[in-house]
């Protein structure tokens, strides 16, 4: 799974190979094991064919249209053939998915529990919420920024080695954060940059592995993997809340690092590639070719998916980072705030599984639209009205489910629309666009909070941040509607 800039004049005869198959036109073949897929040029100018490329999971209304689209795009056709050979279940496949879920537990859990650490650091007088929100924004930003380099690393050393490196760096980052818990620059380095590097390696592994083992139940597999992250966020939040009260922030970091070492490393050892590629004689092997397909940006569908991710990631981390502070502004205890964040993350885990199932049954684009509308409406309507614990708990559950659903659904959308053989390239390009939202989304909310008086100025100080986040979520939903109608104008279609 390598990302390199596409040759501006690619050889039309170059064809990828995937999952122990050979293209019918190839006479002589040799078999080789590949860790990723060789990609040919993306046919950006052939997009005007009838129906373009239907989402595989949507059961296109016309088989002739789907066949014509696949014929124009050899990678999509190869994806279809490869998907027919995946196990779609079995002990080995689900073991790898379970291992990815454990790795997801840590790279998502330590990020989504940042609100508890931020609240404790603010209470200790280390820095303001607006400053510390930058620390919490760095790790997810690096997930986006490192997508392409990490893919090249996977090509070089394999999924297992990348997963082990990611978990190891997370362990080091957590322990190091314990030694600089009162130093803002130290937190930027350890809890920000170093942790983000480890998280990015883990994300790359978890995002692309399910497509090698599942086709018909790919949405469910992605949901299970990322549900591990939601469960991690909830569990880590609860543990951190207890540990902070008993031992303080510094030792909380150290203990979490040791627990990550004990559980994350064994899981990473289980992860492995499945692909065995058959390459035509005389063609470059999958291990030697991989391209960033810049021509994807000429496809309106890809551009809409890309822009949806760019906008949607700005509000995603706002509730997770600010629920504990908001709870304290309501007069609730820090433990109640941690409990709300734990509920948010438990709901996120459930939402990831349910949205995975919904992607398989209702269509991944339909499911993505539902998650964004639910998230935006909740932040615009329910959160501002949450002046007591009851409504705030309902908001935490609903927003957590929709938030988790976004992360579980997006890889399925990309894989279904552009093919499993292209999913690593296309998803890597999409995730790279999430960087600005990850970096700026929560800090913008923090600056809005400070500008209107801070957490000590009552609940009205939070409302500009709520309206900012909710409006962007609904803006992203509008782009999904446009793409949904382009794919299939029928409102009842499974797209």
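Every residue, even glycine, has its Cβ placed from backbone N, Cα and C.
The following features are taken from TrEMBL:
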type     : residues : note
DOMAIN   : 301-495  : domain 'Major facilitator superfamily (MFS) profile'
TRANSMEM : 91-114   : transmembrane segment
TRANSMEM : 126-149  : transmembrane segment
TRANSMEM : 161-181  : transmembrane segment
TRANSMEM : 187-208  : transmembrane segment
TRANSMEM : 220-239  : transmembrane segment
TRANSMEM : 251-271  : transmembrane segment
TRANSMEM : 302-326  : transmembrane segment
TRANSMEM : 332-355  : transmembrane segment
TRANSMEM : 367-386  : transmembrane segment
TRANSMEM : 392-411  : transmembrane segment
TRANSMEM : 423-445  : transmembrane segment
TRANSMEM : 465-485  : transmembrane segment
Problem - Interface check, the transmembrane segment (465-485) with the transmembrane segment (392-411), three or more C-beta pairs under 8 A - result: no
Problem - Long-range Cβ neighbours of the transmembrane segment (392-411) (under 8 Å; 6 or more residues past either end) - result: 207-208, 210-211, 219, 222-223, 225-227, 229-230, 309, 312, 316, 319-320, 323, 326-327, 330, 340-341, 343-356, 359, 364, 367-368, 370-372, 374-375, 378-379, 382-383, 386, 423, 427, 430
Handout entry: Intrachain residues whose Cβ lies under 8 Å of the transmembrane segment (332-355), provided they are six or more past its termini
Key = 109, 112-113, 115-116, 119-120, 123, 219-220, 223-224, 226-235, 237-238, 240-241, 245, 319-320, 323-326, 367, 370-371, 389, 392-393, 396-405, 407-409
Exercise for the section: Find the member of 91-114, 161-181, 187-208, 367-386, 423-445 that has more C-beta pairs under 8 Å to the transmembrane segment (251-271) than any other listed stretch. Expected result: 161-181
Exercise for the section: Count the Cβ pairs between the transmembrane segment (161-181) and the transmembrane segment (91-114) that lie under 8 angstroms and are 6 or more residues apart in sequence, then report whether there are at least 3. Expected result: yes
Exercise for the section: Could you tell me whether the transmembrane segment (423-445) and the transmembrane segment (302-326) are in contact, taking contact to mean 3+ Cβ pairs under 8 Å with a sequence separation of 6 or more? Expected result: yes
Exercise for the section: Give me the stretch from 91-114, 187-208, 220-239, 367-386, 423-445 with the greatest number of Cβ pairs under 8 Å to the transmembrane segment (126-149). Expected result: 187-208
Practice task
Would you mind listing the long-range same-chain contacts of the transmembrane segment (187-208), meaning Cβ under 8 Å and 6+ residues beyond its ends?
Solution key: 1, 100, 103-104, 106-107, 110-111, 117, 121, 126, 132, 134-136, 138-143, 145-147, 150-151, 153-154, 159, 162-163, 165-174, 176-177, 179-181, 225-226, 253, 268, 271, 411, 423-424, 427-428, 431
Problem - Averaged pLDDT score, the domain 'Major facilitator superfamily (MFS) profile' (301-495) - result: 91
